[in-house]
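Trainee: The following feature annotations were taken from Swiss-Prot:
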type	residues	note
ACT_SITE	LYS230	active site, N6-AMP-lysine intermediate
BINDING	GLU228, ARG235, ARG250, GLU279, PHE319, ARG391, LYS397	ATP binding site
Amino acid sequence: MSPSHAKLATVLLFDVATASADVGGTPSRLTKVARIADLLRRAAPDAALVAIVVSWLSGELRQRQIGVGWAALRSRPPAAAHPTLTVVAVDAAFAEIGAVAGKGAQARRAALLNALFAAATETEQTFLLRLLGGELRQGALAGIMADAVARAAGIPAAAVQRAAMLGGDLPAVAAAALSGEAAALSGEASALDAFTLRVGRPVAPMLAQTAAGVAEAIERHGGQAIFEAKLDGARVQIHRAGDQVTVYTRSLDDVTARLPEVVTATLALPVEALIADGEAIALRPDNSPQRFQVTASRFGRSVDVAAAVAAQPLSVFFFDILHCDGVDLLDAPTTDRLAALDALVPPAQRVDQLLTADPDAAGRFLEATLAAGHEGVMAKAPGAPYQAGRRGAGWLKVKPVHTLDLVVLAVEWGSGRRRGKLSNIHLGARDPATGEFVMVGKTFKGMTDAMLDWQTARFTELAVGGTDGYVVRVRPEQVVEVAVDGVQKSSRYPGGLALRFARVLRYRDDKGPAEADTIDAVRALY
């Protein structure tokens with residue numbers, strides 16, 4: 001039976017939820033891959049179903065955002081006794097929730113969400129809660145998922161990885177691989193075109209590793225590095241085909257309509273076909289950067305673009321180029337790509353640069369960049385290619401960090417190799433007016449195995465109301481020092497603020513909760 005006439009599969013939400021639990025419960029990469037591959041075979045050859053399953057097990061919704069925040073997930077109805085929800089039906093429910101708009105939208109979304117949870121079993125509710133809350137960390141992310149797709153389809157993992165890198169969308173690649181289009185990934189030239197670099201289709205962006213300082217960055221790049229100012233704006237990927245410009249976020253969402261300034265700047269360039277990396281940023285009259293949140297506000301779904309442009313226009317700075325008028329530059333060295341960019345983009349729309357082997361010169365460049373209000377520098381290897389979709393060693397970020405002493409309010413049980421350990425900590429800042437603690441974020445980053453053992457014992461002692469649930473509430477007594485990249489506005493937490501990239505440095509047994517940083521100290525970083 002050909003794929004086009006094969007009977008389409010029915011997969012229940014329960015099947016995905018149990019697979020997720022199984023994957024989260026094993027530290028074995030091979031076992032994770034095998035479990036996911038088995039589920040994907042069941043979903044095949046239904047391309048849409050495969051794409052949904054891959055998205056969910058990667059911790060993402062097909063719809064990206066559906067307007068459901070932390071507050072909406074705090075309570076849920078009693079669970080259903082038996083599983084009846086199909087994956088397709090739940091995906092349709094997500095789409096319906098995301099489409100709600102206008103007066104009474106919040107109440108309507110809440111009603112739809114309640115109906116969905118009421119039809120879900122306890123296992124399914126737990127999965128939905130973690131998926132919608134952004135807490136689905138189970139190791140079933142890009143690398144493992146790509147291997148699982150390859151195993152399920154019987155094709156090389158490298159083919160899947162490259163297709164996902166260039167297509168920018170692993171669910172779409174999985175759908176093609178498991179719906180009879182595997183030739184598109186394994187070598188037939190006519191089909192392979194579907195997953196090559198193409199103007200108008202976003203590419204998974206290259207990401208940076210971290211270096212402790214400029215001297216380390218120079219050493220890791222072989223004795224010389226290209227330093228660039230790291231702007232605290234919003235990364236954008238810009239595509240141009242003739243007079244058509246499309247702008248994507250780093251998560252590959254199309255935001256063209258919200259960023260007319262980027263479109264105008266791109267149309268002014270002497271080029272017909274372009275894929276470029278850039279940074280959109282709100283600047284003050286003196287060209288110093290506005291707070292990150294000012295830039296981020298332009299990316300909201302309900303933004304009044306005309307009013308926003310009039311109130312605070314955005315500027316765009318280009319820092320890399322992937323394609324120019326028929327020439328793919330992904331595999332070209334950094335120096336060649338930057339030369340192509342310099343020939344195309346005016347200096348006023350380029351980030352400041354310094355090519356040097358001298359740590360002192362690099363240090364002065366970093367200091368000047370920070371003095372200008374930017375967040376740090378990027379150090380790039382002169383000979384490195386553009387490693388789309390990877391946190392490549394060719395890019396290193398160097399920036400100062402802020403530290404806060406916060407109080408642990410609750411802890412979540414871990415999964416995978418952290419199964420049986422209290423892992424993800426809820427962080428609170430002290431409210432000097434009430435003496436209470438205001439939640440401002442969560443983190444599981446920076447914890448060593450020894451730290452996990454210690455905090456499991458410590459927070460078991462501090463637990464309030466038992467340790468049987470997924471989230472263990474604790475007495476607010478333990479102070480922890482965390483490093484953060486900054487703070488942003490957020491409706492997710494009661495304090496209205498959220499920490500950016502928080503990671504644990506150490507527990508401060510020398511400090512009591514009364515010595516923890518206040519919510520005012522957190523606001524000062526905003």
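Positions of Cβ are set from backbone N, Cα and C atoms, glycine also.
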Trainee: How far is it from ARG391 (ATP binding site) to LYS230 (active site, N6-AMP-lysine intermediate), counting Cα to Cα, in Å?
Mentor: 16
Trainee: Cβ neighbours within 10 Å, counted over all protein chains: which one of the recorded positions LYS230, ARG235, ARG391 has the most?
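Mentor: The residue with the most neighbouring Cβ atoms within 10 Å is LYS230.
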Trainee: Where LYS397 (ATP binding site) and LYS230 (active site, N6-AMP-lysine intermediate) are concerned, what is their Cα separation in Å, rounded?
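Mentor: The separation of the Cα atoms works out to 8 Å.
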Trainee: Which residues, sitting 6 or more apart from PHE319 (ATP binding site) on the same chain, put a CB under 8 Å from its CB?
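Mentor: Sequence-distant Cβ neighbours: GLU228, ASP277, GLY278, GLU279, LEU341, ARG350, VAL351, MET378.
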Trainee: Can you tell me how far the Cα of the residue listed as 'active site, N6-AMP-lysine intermediate' sits from the Cα of ARG250 (ATP binding site), in Å?
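Mentor: Pair distance, Cα basis, whole Å: 15 Å.
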Trainee: For the binding-site residues listed here (ARG250, LYS397), tell me which residue's CB has the most neighbouring CB atoms inside 10 Å.
Mentor: LYS397
Trainee: Let me know how many other Cβ atoms fall within 10 Å of the Cβ of GLU228 (ATP binding site).
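Mentor: A count of 22.
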